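K.L.:
Quick one: this structure, given as structure tokens, is what I'll be asking you about.
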Amino acid sequence: MLEAKSAALLEDTIDYVFDNQALLLEALTHKSFSNEQNDRTEPDNERLEFLGDAVLGVVVSHYIFRTFPHLPEGELTRIRSEVVSEKGLTVIGKAICLGDYMRLGKGEERSGGRQKSSLLANTMEALLGAVFCDGGFDSVRRVIEALFIPHIQRAARRKTGVDYKTRLQERLQARFGDVPQYVLIHADGPPHQRSYSVEAHFRGSCIGQGQGRSKKSAEQAAAKQALEYLEE
């Protein structure tokens, strides 16, 4: 049985107190522990893990959808995937010392189960599923946002493969109902080493300039500068 002190410490860490302590116990119980019980009455956390995975996806998706209204779908998907991945969940699990509270069988304990990424990630999902069952959607949303927002923000700052042209077009369409135009100003250099200069125009005004080794890269640079101009 999980000690009351241990339960209270974990609840304090996630800032949520369970009405039904059995749900917390179940969330922390690995199947290796359940299998070693003679009466087999200790449920493992796999069902709660299934539920927590779904709830986490919804809450994180909704948060990044609200917080980053100008990011294209591909970037939203990238951020969510990074945050809810096994690696992302393991980072959260280690931050709250979740491994210290897990109930493991003897074999899993000997093999270092408390530090295994897969176990930490699965138990993290089970814990969120337990919060949802105990307190409902608003409760689990608050827990998830408190734990995950810093990691979401970090993932959002990693602008891997950002399509600035798409982002600029979506921003201008949403705000003004119109799209930008890209104007090639000049191209310099020999064919094998050309440099292009492009301006992003909107309703007759230049809102960004960019240079690149191709017209596409120059347009992306111009769109990036235009976005920075709009955010000033």
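Glycine residues also receive a Cβ, built from the backbone N, Cα and C atoms like all the rest.
The domain 'RNase III' annotation in Swiss-Prot covers 7-136. Among the features that Swiss-Prot reports, Mg(2+) binding site is placed at E49, N122, E125, with the record citing sequence analysis. Look at Swiss-Prot and you will find D53, E125 tagged as active site, backed by sequence analysis. Per Swiss-Prot, domain 'DRBM' is recorded for 163-232.
Can you tell me where each of these features sits in the structure?
P.N.:
Around the Cβ of E49 (Mg(2+) binding site), a 10 Å sphere holds 20 further Cβ atoms from the protein chains shown.
Sequence-distant contacts of D53 (active site), defined as residues of its own chain at least six apart whose C-beta falls under 8 angstroms from its C-beta, comprise V84, E125, G129.
For the domain 'DRBM' (163-232), the DSSP counts in helix, strand and coil order read 32 helix, 24 strand, 14 coil.
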K.L.:
From the centroid of the CB atoms of E49, N122, E125, the recorded Mg(2+) site, which same-chain residues not already listed sit within 8 A by their CB, in sequence order?
P.N.:
N45, E46, L48, F50, G52, D53, A121, T123, M124, A126, G129
K.L.:
Take the Cβ of N122 (Mg(2+) binding site) and count every other Cβ within 10 Å, whichever protein chain it belongs to.
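P.N.:
Neighbour count, Cβ to Cβ under the 10 Å cut-off: 25.
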K.L.:
In the domain 'RNase III' (7-136), how many residues does DSSP call helix, how many strand, and how many coil?
P.N.:
95 helix, 2 strand, 33 coil
K.L.:
Quick one: give me the count of other CB atoms within 10 A of the CB of E125 (Mg(2+) binding site).
P.N.:
27
